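Novice: My questions will all concern the structure given below.
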Amino acid sequence: MARDGDVPTIFNPKRVRAPSVIITSEEVVEADRSIDVERERPNGPPTPLSPRAPLTPQTSVSSAPPLTTQPSLQQTFSESAASSQDEERQVRDKGCPRSCCSKIAKKIYYGVCVTFVLVASWVTVTHCIKYLYLQDYSPIHSADFSMFNNYTSRFRTHHLYNAPFFTAWFCTNWLILFYPIYLIVMLIHNKCKSANAIACDAFNDFKEKGFTFARFLSRCSLFCLLWVVTIYMYTYSLKILLSTDVVALFATNVSCIYLLSWVILHEQFVGVRIVAAILCDTGIALLAYMDGITGNSTLGGVVLAACAAAGFAIFKVLFRKVMGEVNTGQRALFFSILGIVNATLLWPVCLALYLTGTELLPAHRMPWMHLLIASVALLVFHMGFQFGNLVTYNIFVSIALITAVPVSAALDVVLYGVCFEGMKLSGIILITVGFSLVMLPDNWPDYIMRLLRWSRRRQRGNDGSGRNRDTVDYRTGYIRSHLRSPSGRVR
């Protein structure tokens, strides 16, 4: 019974102590039977109560071990042991971050491999297409070419390759292999699933997003047109500019992607990336006027390469806006359908350009080998670019575009004796700096502050002669010593 002034127990909870006596189920049954026997006695004298004895471990109700609680204790112990083993296994798998076998280290190793593959494939594509324009495909026997002397000059130049749209169309056709390669990899990885099940999963995911067949095909046609136009401008600019200039100009797509993502996708505003976009635009301007304004086609080539970078940025941002978040299977299926639409709908354009004489193909020797190498390299590049973030960090995929610039420059110097100087060199450097600034994370000031603090701590730790080195706090007027000496106040 509660005393006066006490608050009820529900509002004044007390500490609940565990009972020191363990009662088993058999003892509860025996107690119930004794109570029933006492109730059945007819008006008998009450049983005298024995004086209360203190409960000790020897005077407990039952000295037998509790039978009912033993399984639960064993189960609890086994669960705790299993959980501790899982935690130890997770710690062992993660390992030390500085270990050469940790997950972070493996991702870095994979990232280096992905970057190498992307750089090699992108440089191969660019230089193979450039080689197509520079090579002379005249007939092997000069007597065979004498029959064309009476024809027009248009037919005399058929030993040259001048077909940028045909190159873009031919290379895009190889995107059809995107989904078959994905299926082969998935069948090897998941042996329990069939190809039909994997394909049905990709189509069902698009259906859940509300895409009908007609709507999905129309979206693929729109993206196919944008893709082919982008590749066409890239291949056409290679006819005018050097390979290194085109690679550097195409790397500016990262700044365009950020600006479009900020406007369309409402991503976070980062001031340093605006500065990066300005630097990239300045580099484009320097490359545009590196050979003057009049009497050359450099300005047109720079505009085409910059438009190709902008077209690639529009493609990526619109894909995220229209298609939303897609998984790996949906992305592979999309690019395969894009290649099918390209091969089905755009071949009349290639034929019309060839018949009207707008594009010229060699009449005697077609450079199929270089076209095949460029197409396969472009397929490898885009597969690595789309799926490289599955095995490594995204930054290793992005830096491949700018890492290809010095590799391409080395090839230009070796193969063609190009000299990079003046406005050309300055423009490439500005584009590289702008690209690096765009790659900075959103919280890059925090990393700078951590680096400065770490350098200060290391400098203080390595400074062995700084025992008597004191610093003055001008706000309080006290001298602060590293040894916390009782220095007086500055008067």
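Here the Cβ of each residue, glycine as well, is placed from N, Cα and C on the backbone.
Per TrEMBL, the features are:
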- 29-90: region 'Disordered' (REGION)
- 30-42: compositional bias 'Basic and acidic residues' (COMPBIAS)
- 56-84: compositional bias 'Polar residues' (COMPBIAS)
- 108-133: transmembrane segment (TRANSMEM)
- 166-188: transmembrane segment (TRANSMEM)
- 216-234: transmembrane segment (TRANSMEM)
- 246-265: transmembrane segment (TRANSMEM)
- 272-290: transmembrane segment (TRANSMEM)
- 302-319: transmembrane segment (TRANSMEM)
- 331-355: transmembrane segment (TRANSMEM)
- 367-385: transmembrane segment (TRANSMEM)
- 392-416: transmembrane segment (TRANSMEM)
- 422-440: transmembrane segment (TRANSMEM)
Novice: For the transmembrane segment (216-234), could you work out the same-chain residues 6 or more beyond its ends whose Cβ comes under 8 Å from its Cβ atoms?
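Specialist: Residues 164-165, 167-169, 171-172, 206, 246, 250, 304-305, 307-308, 311-312, 314-315, 318-319, 322-323, 334, 337-338, 341-342, 345-346 contact the transmembrane segment (216-234) from elsewhere in the chain.
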Novice: Ranking 166-188, 246-265, 302-319, 331-355, 422-440 by the number of C-beta pairs under 8 Å to the transmembrane segment (272-290), which range is first?
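Specialist: Maximum Cβ contact count belongs to 422-440.
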Novice: Counting Cβ pairs under 8 Å that sit 6 or more residues apart, are there three or more between the transmembrane segment (331-355) and the transmembrane segment (166-188)?
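Specialist: Between the transmembrane segment (166-188) and the transmembrane segment (331-355), which are separate recorded stretches, there is contact, as judged by 3 or more close Cβ pairs.
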Novice: Report the listed stretch (246-265, 302-319, 367-385, 392-416, 422-440) having the maximum count of Cβ pairs within less than 8 Å of the transmembrane segment (108-133).
Specialist: 392-416
Novice: Should anything in the same chain at least six residues away from the transmembrane segment (422-440) have a Cβ under 8 Å from its Cβ atoms, list it; otherwise answer none.
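Specialist: For the transmembrane segment (422-440), the list is 244-245, 248-249, 251-252, 254-255, 258, 270, 272-273, 275-280, 282-287, 289-290, 395, 398-399, 401-402, 405, 409.
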Novice: Under 8 angstroms for C-beta pairs, at least 3 of them, ignoring pairs fewer than 6 apart in sequence. Is the transmembrane segment (392-416) in contact with the transmembrane segment (246-265) by that rule?
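Specialist: When sequence-distant Cβ pairs are counted, the transmembrane segment (246-265) touches the transmembrane segment (392-416), since at least 3 lie under 8 Å.
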